[in-house]
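*Asks:* The structure's right below; bear with me while I get my questions together.
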Amino acid sequence: MAGWLALPTLCHFLLPWVFAIFHKALGDPASHPGPHYLLPPIHEVIHSRRGATATLPCVLGASPPSYKVRWSKVEPGELRETLILITNGLHARGYGPLGGRARMRRGHRLDASLVIADVLLEDEGRYRCELINGIEDESVALTLRLEGVVFPYQPSRGRYQFNYYEAKQACEEQDGRLATYGQLYQAWTEGLDWCNAGWLLEGSVRYPVLTARAPCGGRGRPGIRSYGPRDRKRDRYDAFCFTSALAGHVFFVPGKLTLSEAHAACRRRGAAVAKVGHLYAAWKFSGMDQCDGGWLADGSVRFPITTPRPRCGGLPDPGVRSFGFPRPQQAAYGTYCYAEK
């Protein structure tokens, strides 16, 4: 019929269009912007616990002729990356403090996922998987997030005694590390309300307020109050520490003990006097509830409460209560011991 195209002519016009649609449906790398080889992760945040094994996924959709994959960790507040591992698909080499615990998963020939064994507190953070092929380098970023608990900490000398580096050391001595802003924010959503300002890992100084009040920054809105970045050597505040699940367990030894007697009582049971982080982790992850003050390794006396009740701290919310730092010679308390499993 007049006005109609012959079949060969029609195919000539339609076939290129059909093939273009077919390639787009298959996900042809040239049909859309973005990485050509690395597949975007389904989940950008990987959740884990201390002592567990965590896998950070990084998978190639296709294999370039020659390439390397470089894994690194982005250090918060330090504007640098720490090299972890480099692989060419056949052989891998680890670097730095994480190298001995890091390996490739190798689930298949296009698998460049990183496996971290025996996860530590300092492993939390942002990681980068970078494909290097000499022409178009690509990368994907993932975040390893640990389930944990944030606790404010100050020494026996009183509030605002730490510069940044002393706060960092104090948290490590109490089985923790300086908390990040994200960890403090999470703790605030879970009920942490604290008027004293403390250092965070990024170098800022903040404090969380649930109930706005005059002695705690005024009667504005609840939230995370900020002093902003401070001088890490000169300025002095408290610390916000973060800890995660325990490898061992905490138990209470009753009695009227001095601090030295508390150490002896734990040693007789094959344990050591618990650190502050140990007690918070036992309260958070094991539901420890003990209405008895007990010595801790830093010389403070505390006790964990899961179910608030009268004559047991006097506060309506769960938490770890503190009697401060009594005289070490005062024989009035039991002790909390920590034993490795």
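Heads up, the Cβ atoms here are built off N, Cα and C, so glycines get one too.
TrEMBL lists CYS195-CYS216, CYS291-CYS312 with the feature disulfide bond. As annotated by TrEMBL, domain 'Ig-like' applies to 35-143. If you look up TrEMBL, you'll see 149-243, 246-339 marked as domain 'Link'. The signal peptide feature in TrEMBL is assigned to 1-27.
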*Asks:* What are the sequence-distant neighbours of CYS195 (disulfide bond), meaning same chain, six or more residues apart, C-beta distance under 8 angstroms?
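*Replies:* Expected: TYR207, VAL209, PRO215, CYS216, GLY217.
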*Asks:* Give me the DSSP three-state residue breakdown of the domain 'Link' (246-339), ordered helix, strand, coil.
*Replies:* 21 helix, 29 strand, 44 coil
*Asks:* Mean pLDDT for the domain 'Link' (149-243), as a whole number?
*Replies:* 94
*Asks:* Give the sequence-ordered list of residues that share a chain with CYS312 (disulfide bond), lie 6 or more positions from it, and have CB atoms under 8 Å from its CB.
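*Replies:* Once residues fewer than 6 apart are set aside, CYS312 (disulfide bond) is near CYS291, ILE305.
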*Asks:* Given a 10 Å Cβ-Cβ cut-off, pick out the one of the disulfide-bonded residues CYS216, CYS291 that has the most other Cβ atoms nearby.
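*Replies:* Counting Cβ neighbours within 10 Å, the top one is CYS216.
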*Asks:* Give me the DSSP three-state residue breakdown of the domain 'Link' (149-243), ordered helix, strand, coil.
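*Replies:* Secondary-structure breakdown of the domain 'Link' (149-243): 22 helix, 32 strand, 41 coil.
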